Every structure is written in structure tokens, then in C-alpha cells.
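Here is the structure we will look at, set down as C-alpha cells.
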Amino acid sequence: MRVSLAALAFLLTLAVLHSEANEEPAGNMRVCCFSSVTRKIPLSLVKNYERTGDKCPQEAVIFQTRSGRSICANPGQAWVQKYIEYLDQMSK
């Protein structure tokens, strides 16, 4: 019984150490989008944007609104590309 408890404790410790080693640093964490808006959102509501990370199942742009909401959008849509260009110019 003591051997099995020791083995279990050892395995749990290994699992925790392994999961911590595979995590990305907090500064590199990105949010993934699983759905995106289909309608254009008003540009006046948008403060900035970021792209989803490489590990996400689908590519998306995440717009941050002035009220603090995050809205996912399809980067292939023309209005999304125009918003990105505008926001990039404003940040220069």
C-alpha cells in the first residue's frame, strides 16, 4: 500500500512538472476564436486588435472595443482588413 501511494505521488509530481514545462510564458498566451462576427462592427467602437496564435484551430482577428469587449472577426473579410490598416496607421 505504501509503495503504491509513493508511486502515485511520484507520478503526480512528474505530471505537474511536465505540464508546467510545456506551458507558454504568460506574455505569449493568446486567445483562440471558435466563432466570429458575421456583420461589420462600427469602427468607432474599436480600440485595437490582435491576431490569434499559431496554435489556434482557425485564424482570426480579435478586436478590442473601447468598452473592453473582445470581438472575433474573420481576417479574410474586406472590412476587417481595412480596420487593421486603419489601426496600424493610427498606432504609428
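Cβ atoms are placed via backbone N, Cα and C, with glycine included.
A disulfide bond in Swiss-Prot ties Cys56 to one cysteine from Cys32, Cys33, and that cysteine is Cys32. Just so you know, the Cβ of Cys56 (disulfide bond) picks up 14 other Cβ atoms within 10 Å once every protein chain is counted. A C-beta separation below 8 Å, combined with a sequence spacing of at least six in one chain, links Cys72 (disulfide bond) to Cys33, Ser35, Ser36, Val37, Thr52, Ala60, Val61, Ile62, Phe63.
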